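Visitor: According to Swiss-Prot, the protein carries these features:
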- His75: active site (ACT_SITE)
- Asp121: active site (ACT_SITE)
- Tyr55, Gly57, Gly59, Asp76: Ca(2+) binding site (BINDING)
- Cys54-Cys146: disulfide bond (DISULFID)
- Cys56-Cys72: disulfide bond (DISULFID)
- Cys71-Cys127: disulfide bond (DISULFID)
- Cys78-Cys120: disulfide bond (DISULFID)
- Cys88-Cys113: disulfide bond (DISULFID)
- Cys106-Cys118: disulfide bond (DISULFID)
- 1-19: signal peptide (SIGNAL)
Amino acid sequence: MNPAHLLVLSAVCVSLLGAANIPPQHLDLYQFKEMIRYTIPCEKTWGEYADYGCYCGAGGSGTPIDALDRCCYVHDNCYGDAANIRDCDPKTQSYSYKLTKRTIICYGAAGTCARVVCDCDRTAALCFGNSEYIEGHKNIDTARFCQ
C-alpha cells in the first residue's frame with residue numbers, strides 16, 4: 001500500500017475513534033442552543049443560561065426571580081404543552097427554522113409538534129436576548145430562593 005494512503009487511512013481511523021467517544025446531543029437542544037447564541041450579547045455563552053434562577057436548567061420550582069428566569073418558566077410550560085401533542089417529545093423533536101435579521105423564523109404547519117417546539121424555543125431565545133442577565137442569579141441555592 002502507498003505510504004501516503006496508509007497515513008490518510010490511519011488519520012481517518014484515529015478521528016473516528018475520537019468521535020466515538022463524543023456523546024450524542026439531542027438535536028432540538030442543539031437547535032435551541034443555536035437560537036440562544038444568536039440572540040444573547042456576545043460576552044455571554046449559551047451555557048451561562050443553563051443554571052440560572054429557579055427555572056433555567058433542569059427542573060424548576062417556585063416563583064421566577066427575574067425577567068430572564070420568567071423566560072425559562074414560560075419555556076418549561078410551553079414544552080409541557082407541546083408534550084401533550086401525540087408522539088411529541090420536545091427535547092428530541094427537530095424542526096426547521098431560519099436565523100435572519102436579528103429574529104428567528106420557524107417553519108412548518110401550525111400546531112404540529114415540530115412547529116410548536118420551534119415556537120417555544122424561538123420565544124425563549126428572543127426573551128433571553130431582551131432580558132437582563134444578573135450575575136448573582138447564576139447557580140443560586142434553589143432550596144432557599146425557589147420556594
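Residue numbering: from 1, along the chain as shown.
Using the three backbone atoms N, Cα and C, a Cβ is placed for every residue, glycine included.
Tell me about the surroundings of these features in the structure.
Guide: The Cβ neighbour count for His75 (active site), using a 10 Å radius and every protein chain shown, is 22.
Under the three-state DSSP scheme, Asp121 (active site) falls in the helix class. Using a 10 Å radius centred on the Cβ of Asp121 (active site) and all shown protein chains, the other Cβ atoms total 27.
Annotation for Gly59 (Ca(2+) binding site): no same-chain Cβ neighbours under 8 Å separated by at least 6 residues are found.
Taken residue by residue with DSSP, Cys54 (disulfide bond) is part of neither helix nor strand, so it is coil. Under a cutoff of 8 A between CB atoms, and with a sequence separation of 6+ in the same chain, the neighbours of Cys54 (disulfide bond) are Gly60, Ser61, Gly62, Thr63, Pro64, Ile65, Asp69, Tyr73, Ile140, Thr142, Phe145, Cys146.
The Cβ neighbour count for Cys56 (disulfide bond), using a 10 Å radius over every protein chain in view, is 23.
In the three-state DSSP assignment, the secondary structure recorded for Cys71 (disulfide bond) is helix.
Residues within less than 8 Å, Cβ to Cβ, of Cys120 (disulfide bond) and separated from it by at least 6 positions along the same chain comprise His75, Cys78, Tyr79, Ala82, Pro90.
For Cys88 (disulfide bond), the number of other Cβ atoms no farther than 10 Å from its own Cβ, over all displayed protein chains, is 17.
For Cys106 (disulfide bond), the count of additional Cβ atoms within 10 Å of its Cβ stands at 20 [all protein chains shown]. Annotation note: Cys106 (disulfide bond) sits in a strand segment as assigned by DSSP.
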Visitor: Which are the residues of the chain, Tyr55, Gly57, Gly59, Asp76 excluded, whose CB is within 8 A of where the CB atoms of the Ca(2+) site average out, their centroid?
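Guide: Here the non-site neighbours turn out to be Cys54, Cys56, Ala58, Gly60, Cys72, Tyr73.
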Visitor: What subset of the recorded positions Cys88, Cys106, Cys113, Cys118, Asp121, Cys127 lies within 10 angstroms of Cys56 (disulfide bond) at the C-alpha level?
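Guide: The recorded positions passing the 10 Å Cα test: none.
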Visitor: Out of Tyr55, Asp76, which has the highest number of nearby Cβ atoms, where nearby means within 10 Å of its Cβ, if these are the binding-site residues?
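Guide: Comparing the binding-site residues Tyr55, Asp76, the most crowded Cβ belongs to Tyr55.
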